[in-house]
Structures are given as structure tokens and as C-alpha cells.
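One structure is given below, encoded as C-alpha cells.
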Amino acid sequence: MNKFKINIQGMTCTGCEEHVAVVLENVGAKNIEASFRRGEAVFELPDNIGVESAKKAIDKAKYQPGEIEEIQSEEKMVLGDEGDYDLLIIGSGGAAFSAAIKSVEYGAKVAMIERGTVGGTCVNIGCVPSKTLLRAGEINHLAKVNPFIGLQTSAGEVKLAPLVKQKDELVSELRKQKYVNLIDEYGFDLIDGEAKFVDVNTVEVNGKKLSAKRFLIATGASPSLPPISGLEEVDYLTSTTLLELKKVPKRLTVIGSGYIGMELGQLFHNLGSEVTLMQRSERLLKEYDPEISEAIEKALIEQGINLVKGATFERVEQEGQIKKVHVTVDGKEKVVESEQLLVATGRRPNTDTLNLSAAGVEVGNRKEILINDYARTSNEKIYAAGDVTLGPQFVYVAAYEGGIVSDNAIGGLNKKLDLSVVPGVTFTNPSIATVGLTEEQAKEQGYEVKTSVLPLDAVPRAIVNRETTGVFKLVADANTLKVLGVHIVSENAGEVIYAATLAVKFGLTVEDLKESLAPYLTMAEGLKLAALTFDKDVSKLSCCAG
Ligand SMILES: Cc1cc2nc3c(=O)[nH]c(=O)nc-3n(C[C@H](O)[C@H](O)[C@H](O)COP(=O)(O)OP(=O)(O)OC[C@H]3O[C@@H](n4cnc5c(N)ncnc54)[C@H](O)[C@@H]3O)c2cc1C
């Protein structure tokens with residue numbers, strides 16, 4: 001049998017899927033999966049039937065067949081007959097656990113090797129500790145400053161040590177529930193130690209050699225240091241060590257204002273530090289739509305966070321406890337001093353100690369592991385997933401990729417990674433959430449683009465909250481009005497973006513958004529209002545976008 005995927009235009013419902021399946025069955029196809037949402041059908045044909053006959057039959061049934069791709073079938077693995085393991089995973093974060101659980105469900109014998117703390121970045125030093133402290137920071141900020149008249153609130157000095165202890169307890173509880181306990185629950189081995197390859201089939205850990213039929217590298221990434229003179233000689237902090245501080249610093253400088261720098265900078269501003277965010281680029285979040293950068297910049301400045309953009313970093317030095325960052329901005333020299341300095345300029349893949357050349361695994365110019373559409377590396381027995389590949393650095397992406405690895409490496413399913421629609425959230429306040437294409441990306445991809453930009457002061461939820469700095473931006477294909485991208489700066493933007501993700505993923509149009517009811521006085525109503533903004537002045541609408 002040969003396996004094919006064919007793109008098909010014109011299927012609009014599950015009835016069409018069934019019709020296409022019958023048509024393909026009639027030419028002799030087996031294991032047919034037609035999807036009107038993805039606009040494709042995947043099926044197998046016996047060797048003696050040409051794929052052109054399938055194409056003709058689809059055409060005759062009044063659908064429009066397009067590109068055909070032959071899918072290389074991988075044999076489903078014979079489990080457990082040789083080697084120490086069916087799947088040996090290096091790392092124990094989101095990618096690793098998702099792959100391990102699914103592989104055990106396939107019946108595979110699995111082991112995981114971890115050199116640090118089980119659970120990896122997200123639960124221990126990333127998502128969980130940062131988000132719980134961000135919430136504490138928000139509450140402290142609201143106690144000090146709120147937009148309502150007549151409320152009498154106040155905030156005392158923040159005692160960081162007990163707050164950090166409470167955070168550590170939560171981390172430890174979630175690590176136990178969501179990671180450690182699952183090891184016995186599912187029944188795989190955890191090996192404590194650092195792994196490195198010794199050849200294409202073998203990994204060494206604690207001096208012991210282990211073989212496996214397949215491997216998954218899920219070793220994540222670590223904070224990277226920018227090449228700034230003197231930086232290595234000062235007591236700088238990373239996202240990990242900042243979250244362990246026991247005292248709120250009087251002043252905090254943050255080098256790098258990507259999502260981690262911005263979140264942690266705002267956290268310490270809310271806890272009482274005077275915060276300066278510094279970056280090389282002239283624009284915050286320069287890869288986002290300009291309206292997003294403008295809105296978040298305005299919000300941060302309104303809150304009293306200092307921004308230094310377009311900085312050339314000359315050197316860093318320390319005098320006593322004070323760290324001094326020397327920069328040139330617009331040709332003028334400037335020195336920013338603070339008690340603590342956070343470096344948040346990106347993350348580098350953890351590949352240095354893996355001895356990848358012994359395994360024939362190729363890396364890119366940032367030492368990230370190169371994978372193909374099936375998450376396979378240049379060694380066909382070795383897969384990689386999560387941050388170590390330098391794809392979108394989110395735990396749900398890592399977990400999704402880990403699941404695909406299991407389907408392909410153990411299940412033999414040849415599933416392609418689909419990262420065409422990945423939502424991203426920055427948990428500042430207001431938060432930033434985006435999905436799909438920016439206006440510039442859509443134009444680069446050849447779309448004729450129509451956009452709508454709705455300032456947050458047109459969204460009723462923001463008006464009643466009395467926090468109106470922000471924006472909703474929709475990017476649509478001007479011809480089909482399909483929603484290509486949604487970009488938001490607002491309170492709870494992260495909660496709104498899931499609906500937008502469904503709209504982009506399943507090809508909803510601006511009309512679909514306009515015609516769907518949106519609950520009044522939710523931030524998500526902004527999506528509908530932004531859709532209406534394409535051809536109406538929303539300031540002239542009555543309540544409920546009627
Ligand atoms: C401050 C911060 C906040 C974040 N907030 C969010 C958020 O809100 N939402 C979100 O989706 N994502 C967030 N992220 C990103 C998210 O944490 C990562 O994308 C995700 O954890 C990556 O998972 P992973 O499985 O690829 O790797 P990791 O979870 O990093 O796991 C890799 C593991 O491999 C181990 N390892 C490395 N080399 C070896 C070796 N040679 N031998 C044995 N073990 C090895 C490491 O010790 C580590 O435990 C945040 C990250 C940070 C730093």
C-alpha cells in the first residue's frame with residue numbers, strides 16, 4: 001500500500017467528508033480520513049492503483065483536488081524485543097512527559113533521564129512560579145493604585161521571603177501532582193543523571209550505557225548571556241535566580257524586554273521596585289504589530305516603568321552592591337544604576353553536553369536541534385521536541401511536539417507537526433495575546449490584507465474597569481474575509497485569545513465573528529467589535545454591539 005495526502009477545495013461540511021470518502025473507496029482506497037476543516041484527505045492505495053485515478057474521481061464528484069503528497073510510511077515499532085528501552089527520553093519537562101505518557105499508552109517500555117529537577121522549566125522555574133508571583137504583584141499594585149473613587153486601600157512593604165516560600169510550596173505541590181506521581185502511575189523509569197550520546201544507538205548516564213530503539217531529546221533551553229563587556233564579572237540575575245530573591249530591591253534594571261523581561265520587570269515594579277527595562281531595539285516587541293508595541297509601551301509608561309530603547313550596551317560594572325549599565329542612546333552616553341540586574345535576553349538550547357556529533361544529530365547555527373516536519377532529527381532513530389529545537393517557546397508547544405514524537409516514533413503514524421496557528425500570551429497587565437499572522441507577515445505571504453484596529457476605550461468591559469489603554473487588531477484576507485491574525489493588548493487578553501485561535505485555525509471569517517453573539521461586558525466582546533469595525537464606526541453603536 002502507498003499512503004497519500006491530497007488537498008481538496010470545496011468540502012464544506014461532514015457530509016462532504018463522507019461523500020469524498022465514498023468516492024475514494026470506490027477507486028480502491030483504504031483507511032480514508034477526509035477533513036473539510038483541513039481541506040484534505042489522507043488515504044492508502046494498493047500498489048497497482050495510481051493516485052491520479054483518485055484525483056480524477058474527486059474532480060468528477062465536483063470537488064477541486066489540488067497538491068498530492070506521498071506520505072512515507074514508517075513501520076509501527078515492534079515493542080520490547082531488543083535494547084534496554086523502546087523509547088529513551090533525555091529531559092523531564094513538558095515535552096518529555098507528554099511523549100512518555102503517550103508511549104506507555106502504546107505499550108512501549110520508556111525511561112526518562114533528568115540531570116536537574118523533575119518537571120523541567122515550566123513547573124519549577126518558569127510558568128508556574130512566575131505566574132503565581134505575577135498575581136501577587138497585581139494584587140499589591142491594585143491595593144496601592146486603583147481607578148475607583150471612594151475605595152480606601154493601601155499596601156505595606158512587601159515581605160518577599162514568605163511570598164517566595166509560598167510560591168515554592170505551590171511549585172513543589174504541582175511538581176508532585178503533575179509530574180513525579182505520574183511516573184509510577186504510568187509506569188516508566190526515571191534515571192537521575194546527565195545523559196550524553198556515545199554512538200548512534202547508545203546513551204551514557206552515570207557511567208552506564210543504555211540502548212534504545214528510539215530516542216527523544218527534550219533537554220529544553222537555559223538563559224543566554226548577551227556579549228556585553230563586564231557582564232560576567234557582576235552579580236547579575238536570570239529569570240531563575242530573580243524568582244528566588246528574598247528582598248524586593250530598591251531598583252531593578254532589566255536587560256532585554258522580550259516577554260520574560262517584561263513580565264518579571266512589571267512583577268517587581270508591582271512589588272515596589274523602581275524598574276528600568278532596557279533593550280537594543282527601537283520598538284518594544286518589534287516582531288509584533290506596531291499597534292501592539294505602541295499600546296503596551298503606553299501602558300508600561302503610564303504605570304511608571306522606565307524604558308530605555310535603542311540602546312547600545314557599552315559595558316556593565318559593579319561598585320559595592322550597585323550594578324551600573326553603561327549605554328549609548330541617540331549618541332548620548334547614559335548610566336543606569338540599580339541594586340539588582342536581571343538579564344533576560346533570550347534562551348539557548350541545552351545541547352552542549354549531549355555529544356550530538358557521536359549520534360549524527362545535526363544542529364543549527366544557534367546550536368538548536370534541527371528537526372523535520374515529523375520531529376525527527378538527522379538520525380532517523382532520534383527525535384527532538386520542545387525548547388531545544390528553538391521553536392515557539394511555550395510549554396503547550398513542547399507537550400504537543402512530545403505527543404507527535406510518540407505517535408511517530410512508537411505508533412508509526414507519520415504525523416506532521418502543525419505549528420501554523422500558535423497562540424502566545426505575555427502575562428503583563430494589560431496582557432498581550434496574539435495568534436496567527438501579523439499584518440506584515442500576511443502581506444509577505446501574498447495576501448491582500450484588510451485590518452481593523454479597535455482602541456480599547458471602545459470596549460465596554462475596559463470602560464467599566466476604567467482601564468482603557470490597549471487595542472484589538474484583526475488581520476483578514478481582503479478577498480475571503482478569513483481571519484488571519486488577532487492581536488490584543490487588554491486585561492485578560494490571554495483568556496480572549498483562545499476564541500481567536502479557533503477562528504484562525506478553522507478559517508472563520510469576519511462575518512462569522514460579526515454574526516456570533518458575544519456576552520456583554522466581557523473582554524472577548526472586543527473581538528466582535530473589532531470585526532464590526534471593518535465597516536462601521538463602533539462608537540456609534542448602542543450597547544451590546546447592536
Ligand atoms: C520565566 C519563564 C516563564 C515562562 N512562562 C511560560 C508561560 O506562562 N506559559 C508557557 O507556555 N511557557 C512559559 N515558559 C516557557 C516554558 O517553560 C518552556 O517552553 C517549556 O517548559 C519547555 O519545555 P521542554 O520540555 O522543552 O524543556 P524543559 O522543561 O526545559 O525540560 C528540559 C529538562 O532537560 C534537562 N536536561 C537538559 N540537558 C540534560 C542532559 N544532558 N541530561 C539529562 N537532563 C537534561 C533539564 O534539566 C530540564 O529539566 C516560561 C519560561 C520561563 C523561563
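Placed from the backbone N, Cα and C atoms, the Cβ positions cover glycine too.
In TrEMBL, the cysteine linked to C127 by a disulfide bond, out of C16, C122, is C122. Screening the recorded positions C127, G258, Y259 for a C-beta under 6 A from any atom of ligand 1 leaves C127. If you measure from the Cα atom of Y259 (NAD(+) binding site) to that of D387 (FAD binding site), you get 15 Å. Spatially, by CA atoms, the recorded positions C122, S257, E263 include one closest to G346 (FAD binding site), and that is S257. When the C-alpha distances from C127 (disulfide bond) to the binding-site residues I260, G261, M262, D387 are tabulated, the minimum falls on I260. Across the domain 'HMA' (2-66), DSSP assigns 23 helix, 23 strand, 19 coil. Taking the Cβ of G346 (FAD binding site) as centre and 10 Å as the limit, one finds 17 other Cβ atoms among all the protein chains shown. Here the C-alpha separation of M262 (NAD(+) binding site) and K131 (FAD binding site) works out to 13 Å.
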